Ligand SMILES: Nc1ncnc2c1ncn2[C@@H]1O[C@H](COP(=O)(O)OP(=O)(O)OP(=O)(O)O)[C@@H](O)[C@H]1O
Ligand SMILES: [Mg+2]
C-alpha cells in the first residue's frame, strides 16, 4: 500500500469532542451568544422571572435562573445531548417554528467548550436533579435541592478552546454585549421579569408587566430604552395580509450616530436583518441625514410559515417568504406615522431652550435632539386664541429690539417697554420690499423669490419689522407674524401663544424639497436655462460617469448635464425652483452622492436623495436678508407643508416658546 503523499491527503473521521467543539464555535462565538441561548431556553420554558448573573464579562460565569417548567432526571440527561429537543419532533414542519429554540444544539455546544452545570426541578415534584458537562464530558444525573425551575451555570467559557478566548474583548465590552442581548429579549417579553447582575451589582432590572398588549409593551420599552425614548416616539400599528407590525418608532429629531439602537423582532425573536434595516432607512430617508439613525423597536408578527428562522447559526437572521410585502408594510407604516406626526408636539425642546437661556445666556444651544413643534391641539388653539395685541406705540416683544443691537451683535442694556416713546423697530429699509414683490406668481421658492436680495452690506445683526395692517390675522397663524430677522439667519415671529424662532435655511430647504417632490409627482420639474452654460470640473472620473449615466433622470429633476471633455460636465439647465443657485457646488455634491449611493439605494430612493441635495443647495442660505413679506410667506408655507417641523437632515426648523415658558424664564411664575 502506498504511503499517503502530500498531494493526496487522507480523509479521516473526527472524534466526537472535536466535532462538538467545531459545531459549538458556530453557535457560541462570545459570552453574549451563550447567554442569549440560556435566556431563550428560560423563555421557552414559560418562566415568569429570569435572573442573570455575570462575572468577568461572562467569561468566568454566566448563570441563568428561571421559574419555568423545569426538567426531570430523564429530560436533564437528554437536554445536553446534541440534537435532543422538546420543541419540535421529526414530523414537525421546519417552516412552522413557534419557540425560540428548536435545534437541540445550544446546551451541548456550551457544554463542549465550558463547564456547564444544570440544576432543575419540575414544579410539583419533590426532587430536583443536577448534571454537569465539562469540555464535552457529561457527568451523571444526581439528586439535588432547589425550588421549581432551572438554574444553568456556565463557568470558564472557552476553557476547552483557548484560541477562542483570545478573540474575546474586554470584560467591559463583553458585559455590555451580554446586557444588550438580555435587554433585547426583555423588550419582546414584557410579561416576564428580568434582572441582570454583574457580580453583585444590579445592572438591569425590568419588572413584570401585567397590562396587556400595547400598554405592557410601551411600559417595558420605557424600562429598557428609557422614558425619553418613549416620550419621543410614535406608536406604530399596521396590519396587512396577516402580517402585523407594532412597536415604537423614534421621532426623526431623536436620532443617533449609529444604528445600534434599532431593535427589530420577528415573532418575538430579536433579529439583525438587512431587509428590515433597509426598510427602516428608506422610511426615514426624507427625515434624516444619511449619517444619522433613528431609534426604534419594531415587532413584526407573521404566520410562522411565512418566515424561515433556520438560516443562521445564532438564529439572528431570518428569511421572509414574501420579502417585498414585509418591506412594503414597514416602509408604509413608518412613513404614515412620520407624516401624521409632522406637527406633533415636542416634549422638551422648548423647555431645554428655556433652560439654556436661563443657564448660560448667549451660549450655543448645542445639539437639539427633538424638535419643538406645536401639536395639532396647540395649532387649533392658536387659531382660537385671541392674542392681546400690542398697544399702539409699544413694542410687541423685547426680542424685536432692532436698534438695540449693534453691528457686532453686542447686546445693549435692556430697556423696559414703557421707556419706549414710539415703535422700537426701524420701519423697514426701503429696499427690503423688492424681493417680496418680486416673488410674484412663482410664490415662495420661485426663481425670483430670494434671488434679488443683496446681503446688506452694512447689515445690522438684528432687524425688526413693523406689523402691517393685517397683523392681527397673522398673529393668529400657528407660526405667527414675523417680527424680526436676526443674524440674517433666524426669523423671530410672534404667535398667539408666544414666540417662534425659525431657522430660515432649514425651513426653506424642507419647503423646496417638498415642492420638488410634488412637481416630480405631477410630471416634471420646471427648468430654467442658464444664460451661460456652466462647465464644472470634477476631479473624479467616476463622478462624471455617474452623472452622465443618470443624465435622463436628472433631466426629470430639471438638471440638464452633458459630458464635457475629460473629467468635466457642462450644465445647461437647472430646476427653476432652485432660483439662483451654486451650480458647481450642486453638481459636485450630486456626483459624490451618486457614486456612493448607486449601489445602496433603490432608484426611487435615490431620486428623492437627489431632490434633497438640490433642495439644500437651492435654499435660502443663512446670511440672506429677508423682507417681512418673505418671512411671513415662509411661515405660511411651513404651516401648509408636511414635515416642515424639521429639515431634510432631521434638524428642527423652528422652536416655539409659549408665554408660560417665557414667563418662567423671567421668574414671573
Ligand atoms: N431553562 C430550561 N427549562 C426547562 N427546560 C429546558 C431549559 N433549558 C433547556 N431545556 C430543555 O433542554 C432542551 C435542550 O435545550 P437546547 O437549548 O440545547 O436546545 P433547544 O432549545 O431545544 O434548541 P436550540 O438549540 O435551538 O436552542 C430543550 O429543548 C428543553 O427541553
Ligand atoms: Mg435552546
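Here the Cβ of each residue, glycine as well, is placed from N, Cα and C on the backbone.
Annotated by TrEMBL as region 'Disordered', the relevant range among 395-447, 448-500, 501-553 is 395-447. Residues of the domain 'DNA mismatch repair protein S5' (221-339) grouped by DSSP class, helix first, strand second and coil last, total 44 helix, 38 strand, 37 coil. Helix first, then strand, then coil: DSSP counts for the domain 'MutL C-terminal dimerisation' (482-626) stand at 70 helix, 39 strand, 36 coil.
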